[in-house]
Amino acid sequence: FTRSLSITTPEQTIEKAKGETAYLPCKFTLSPEDQGPLDIEWLLSPSDNQKVDQVIILYSGDKIYDNYYQDLKGRVHFTSSDLKSGDASINVTNLQLSDIGTYQCKVKKAPGVANKKFLLTVLVKPSGTRCFIDGSEEIGNDFKLKCEPKEGSLPLRYEWQKLSDSQKMPTSWLPEMTSPVISVKNATSEYSGTYSCTVKNRVGSDQCLLRLDVVPPSNRAGTIAGAIIGILLALVLISLIVFCCRKKRREEKYEKEVHHDIREDVPPPKSRTSTARSYIGSNHSSLGSMSPSNMEGYSKTQYNQVPSEDFERAPQSPTLPPAKFKYTYKTDGITVV
Ligand SMILES: *[C@@H]1O[C@H](CO)[C@@H](O)[C@H](O)[C@H]1NC(C)=O
Ligand SMILES: *[C@@H]1O[C@H](CO)[C@@H](O)[C@H](O)[C@H]1NC(C)=O
């Protein structure tokens, strides 16, 4: 038996990513007793058990036939140009998930026969991975960090990393570092930073980044509320200013009219108790020459200028206003005023 036809390639499982090319090896040796014509046949037992074994490619009578199986049309080829030399390997290009199954290489050269099975697995690389926060990232809150690939064959492995600052993951997260979801409890601002999630399977990997900003609870709602209140206050302030300006202008206009009326039509008031005079006087200090503040200043100045000890009532010119002759001094017994 050892001298008979045999396939030297060991049985194996081949794992490839969708879209790639799978090389299914099938090398064989002949013995001198194998004298018949060489026939090579590849069969596929699809993983879908409903389907029966299918011939996918055939070499017979020195010719290649590869148009048997619609699903693999144009995607299956012998890799060797000289099959008789002992290489019956095939390539399946642009792999699809439907290509998953058991491939059988059958070599016949009478009286020798041999066959080997190869399991082909097609996996989808992880891709379109999205990192996001499920919940509100506030101090004291519980929320979740999630890592979700859009596609990718199982089993998937996850790995979270902190990229910023100390690059140290919070210790309470460590048990979930290899899980698609990290459950954050009682968040603190120290959790803030940039994180990455890497998703891997046997044929590829993908990564996404996540920026976490743990803020005080009031901040988020507070910022929005604050902005609204700010706008409202500004509006109130603007309308107040507009209102005041208008009112002042109206008042000024009114006063001018009143002033005008007094000057033109009303005779000058005779006494200080005149209502019109006191009205104007109280509003326009420039007009109120007899206002209490002016009087006070006047008397104060007078008092300060007169040294009380030297004060002597001037006997002469009683008709003159005393205010102008308040300052007196003595020289050689003569009083000069
Ligand atoms: C078969 O596929 C492998 C990659 O899996 C490639 O390196 C090789 O060149 C291919 N052979 C042919 C004949 O297309
Ligand atoms: C949350 O953490 C703070 C300190 O960071 C601690 O004082 C508080 O007790 C914690 N609350 C809970 C419910 O664990």
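Note that Cβ sites are derived from N, Cα and C of the backbone, with glycine treated the same way.
Sequence annotations record features per position, and here TrEMBL assigns domain 'Ig-like' to 3-121 (among others). Mean per-residue pLDDT, taken over the domain 'Ig-like' (3-121), amounts to 92.
Per TrEMBL, domain 'Ig-like' is recorded for 126-201 (among others). Secondary structure by DSSP for the domain 'Ig-like' (126-201): 9 helix, 33 strand, 34 coil.
Residues annotated as transmembrane segment in TrEMBL: 224-245.
What TrEMBL records for 254-267 is compositional bias 'Basic and acidic residues'.
Here TrEMBL flags 254-300 as region 'Disordered'.
For 271-300, the entry in TrEMBL reads compositional bias 'Polar residues'.
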